[in-house]
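*Asks:* Sharing the feature lines straight out of Swiss-Prot:
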- 1-11: topological domain 'Cytoplasmic' (TOPO_DOM)
- 12-29: transmembrane segment (TRANSMEM)
- 30-36: topological domain 'Lumenal' (TOPO_DOM)
- 37-57: transmembrane segment (TRANSMEM)
- 58-76: topological domain 'Cytoplasmic' (TOPO_DOM)
Amino acid sequence: MDLRRVKEYFSWLYYQYQIISCCAVLEPWERSMFNTILLTIIAMVVYTAYVFIPIHIRLAWEFFSKICGYHSTISN
């Protein structure tokens, strides 16, 4: 019963995605192009966040530690 409910939930989510993104009115080749472009954009955003967010967090930590006067013995 739980597996059926999960399957129905994912079907509902996919249906909502199709309605919101207007994929329901596209032809199959248009839908595949749209999904490919969307997946590529999402992958690039996730990769960029994975690469650059830790750098920005470190720089913000250094900036605020200098302002607040916190000096770590581990830092250079």
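Quick reminder: no glycine exception, Cβ is built from N, Cα and C everywhere.
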*Asks:* Where else in the chain does the transmembrane segment (37-57) make close Cβ contacts, counting only residues six or more beyond its ends and a cut-off under 8 Å?
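*Replies:* Here the qualifying positions are 21.
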*Asks:* Under DSSP, the topological domain 'Lumenal' (30-36) has how many residues in helix, strand and coil?
*Replies:* 7 helix, 0 strand, 0 coil
*Asks:* When DSSP states are grouped into helix, strand and coil, how many residues of the topological domain 'Cytoplasmic' (1-11) land in each?
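*Replies:* Within the topological domain 'Cytoplasmic' (1-11) the tally stands at 10 helix, 0 strand, 1 coil.
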*Asks:* Averaged across the topological domain 'Lumenal' (30-36), what pLDDT does the model get? Just tell me the whole number, please.
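*Replies:* Its mean pLDDT is 94.
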*Asks:* Sort out the residues at least 6 away from either end of the topological domain 'Lumenal' (30-36), same chain, that have Cβ-Cβ distances under 8 Å to it, and list them.
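*Replies:* Distant Cβ neighbours of the topological domain 'Lumenal' (30-36) are 21, 23.
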